[in-house]
Each structure stands twice: as C-alpha cells, then as structure tokens.
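**Q** Below are the features I grabbed from TrEMBL:
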type: DOMAIN; residues: 42-376; note: domain 'Aminotransferase class I/classII large'
type: MOD_RES; residues: K239; note: N6-(pyridoxal phosphate)lysine
Amino acid sequence: MQSLEAFADEKLASLDAKSLRRRLKPSRRHDGAVVERDGRRLISFSCNDYLGMAHHPLVRAAAAEAALNYGAGAAASRLVTGDHPLLSDLEKGLARLKGTEAACVFGSGYLANLGVIPTLVGPGDVILVDALAHACIWAGAQLSGARIVPFAHNDMADLERRLGAERPRARRALVATDGVFSMDGDIAPLDQLSVLCQAHDAWLLSDDAHGVGVLAQGRGSGALFPEAKIPLQMGTLSKALGSYGGYLCGSRAVVDLLKTRARTLVYATGLPPASAGAALAALDIINADPGLTETPLAKARLFTRRLGLPDAESPIVPVIFGGAEAALAASAALENLGFLVVAIRPPTVPEGTARLRLAFSAVHDDADVIRLADAIAHLRKVAA
Ligand SMILES: *Cc1c(COP(=O)(O)O)cnc(C)c1O
C-alpha cells in the first residue's frame, strides 16, 4: 500500500507544480445565477444551466412529484425493472423535439457516448473524431476498439482527405463531433459534415450537449442546418434542461439496437424518476416558450459586442489567456468583484490555451453581463 500513497502524492505534487491540480469547492446554487461559496454569494458565469431550469419552480415540482410517485431510484437496469413510465414519455418528447423516429435515454451524456459508439463500431472499423470533441466521445471511441483518426477542428478539407484514405480499409465508419464545442462555443459545419459522410458512407454522430434548448428554438445545432442528415443526435438532459441524464435520438432501428446492446444501458441502473420528471417539465416549458431559448445567445452577444470580440455563435464564449496561471489569476480577480468564472486548464483544453470559459444564461441580468465584460476588458489590458 505504501507504493500506492507514494504514487498519489507524487502525482499531486507534479500537478501542483504546473498549476494543474484541481480541487472541489463546495458550492450552493441559488435562484438566478447565484452560487454561494465560503459564505460569499457570486454571480456565476460557469453553470451550464442555460435557461435557469434547475431552479425553475415547475421543474423542481416535477422532480419532487416524480420521486414521490415512482421512488427515489430506478432500482435496476432499464432492461430488468428500471424502465419506469416517465422514461418512455421523455423519449417521445426528445424524439419530437429533434424530429427523429425514436430516442434512447441513458444515465448521463457521458454514459450515452460510452454506450452508443461501441455499439456501432468496433475492431476493423474507423472512427474519425474532431480534435476538440468532448472527452466522452474519445472515451467511447477508445472503448470501441475501432481505429481512431482525429481530424483538425472543423476542417472539412482535412476530414475529406482522411476519409478518402481510411474509408476503403474499414468495414464501417463513424464521424463524431460536438455540435456546439463545449470549451469554444463554436458550431460544427453539420451541413458539410453531412455531405462528406453521405459521400463516404460514414455515419455522423453529433453531440449537441450545448445546443439543445438554446439554438433553433431549442431544437439544437442540427436544426440550424435543415438540409443536414444527422442520423445520430446525442445530447444531455444536464445542461439547458436543468436535470441529469443523456440521450441519443435517431431511427427506430438504431434505438432498438442500443436498447438491447449498449453496455451503459444494459449494465447500469436506469435514470432516476426525479431526473426524468424534471427533464419532461423543462421540455414542456421550452415547447411553450421558444422565445426563452433565444435569450442565452442574446446575452452572449451582448458580451462579445461590448468586448469587441467576434459575435458569439452559442451561449459559450472563451476568453483565452494562454498559461494556466494567468487564467487562474484572472478568475481570482473576477471573484473579488463578485463573479464566478472558473478557469479552464489543460487537459480539458489544449496546452497553451488556458482560458476563462463563460456560459451565458437566460437568468443573467444585462447589467451584470456588461459589468463582467468591462472587468474582463480591464484584465486583458493589464495582461497585455
Ligand atoms: C457535458 C457534456 C457531455 C456529458 O454530459 P453529462 O450529461 O454531463 O454526462 C457530453 N458531451 C459534451 C459536449 C458535453 O459538454
């Protein structure tokens, strides 16, 4: 056991030396965008609760009611006794929102990618992955045993070249990307990806964790490209929908295959009723008030215009500082002004691109957005 503690201590010391050690900070979220830490109330620009659904009275009530009606947990895999009634309602609602035949709900977005990718590709197949795709796409790709070929971020010429070289040697091919990139806020060219995939008989998977609820009246990034064919539309219930869980929307055949083969569905307990109930309530609110879904992007654009940055494409805006220490210092300075903006460091983002990653929400006040923009403008001037 001594070698185990020695390993952990050395690893921690080396992370500390590079300003890359991370620590949990107990945080209590309140209504609005307020997060309480160490007794201080901060306005958070680091929550992915883009529509304030996690604290919406109807969403909280639906979660409570679901727990009272159906229990605190699902008690087993969905394939055993865990397929409680709210899950099929939720799948119908998600499929309707995404315009697909069917949907499959998983325990989380991470588990969805970990289940979906290895169900569809394996040894002898190829998976081409955007270089900036989310960690759980890479994890699913590794688990699959397929040959993993990264392509340069949003670079269609690079993807085309690699598809041309790799596709003939592979039995099946999958192309995987974020729809909205989680640390940069830019959007994948899903129309061009769709054309390339069709030309090379490759299946397109788009992870729309940050698009659902906030783009195209809530339908997500795929709906910005009406001509695009995206057979695998993955996403999460944990961000704009304010709950927890993940899903894949697609054809009936694909969804039926996932429900019998995806290991993170077969061997993991079903999503708890409260999470499903909350997500259903959030979907109802989005469907009834599409205008609400436009506000996070409007706040992000207010911010980017004030700072003279290119117009935000999504509610996520990065402000890059480069070194981990500079990003941490900027975050600390903002905290002194009452803002919570967490610094994002490698390996979450590439080396040399440590940043403040801002997430704008419908619950932010315009005045706070402007105050934050001006504070960041000042920090950038000092750093330059
Ligand atoms: C957050 C995120 C996930 C994981 O979803 P969870 O429901 O939090 O597990 C997957 N993909 C992307 C792009 C994400 O940002």
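Just so it is clear, glycine is given a Cβ too, placed from its N, Cα and C backbone atoms.
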**Q** Please list residues from the chain of K239 (N6-(pyridoxal phosphate)lysine) whose Cβ is under 8 angstroms from its Cβ, counting only those at least six apart in sequence.
**A** N48, D49, Y50, A209, H210, V212, G213
**Q** Taking DSSP three-state, what's K239 (N6-(pyridoxal phosphate)lysine) in: helix, strand or coil?
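**A** DSSP assigns K239 (N6-(pyridoxal phosphate)lysine) to coil.
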**Q** Can you work out the mean pLDDT of the predicted model over the domain 'Aminotransferase class I/classII large' (42-376)?
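**A** The predicted confidence over the domain 'Aminotransferase class I/classII large' (42-376), as a mean pLDDT, is 97.
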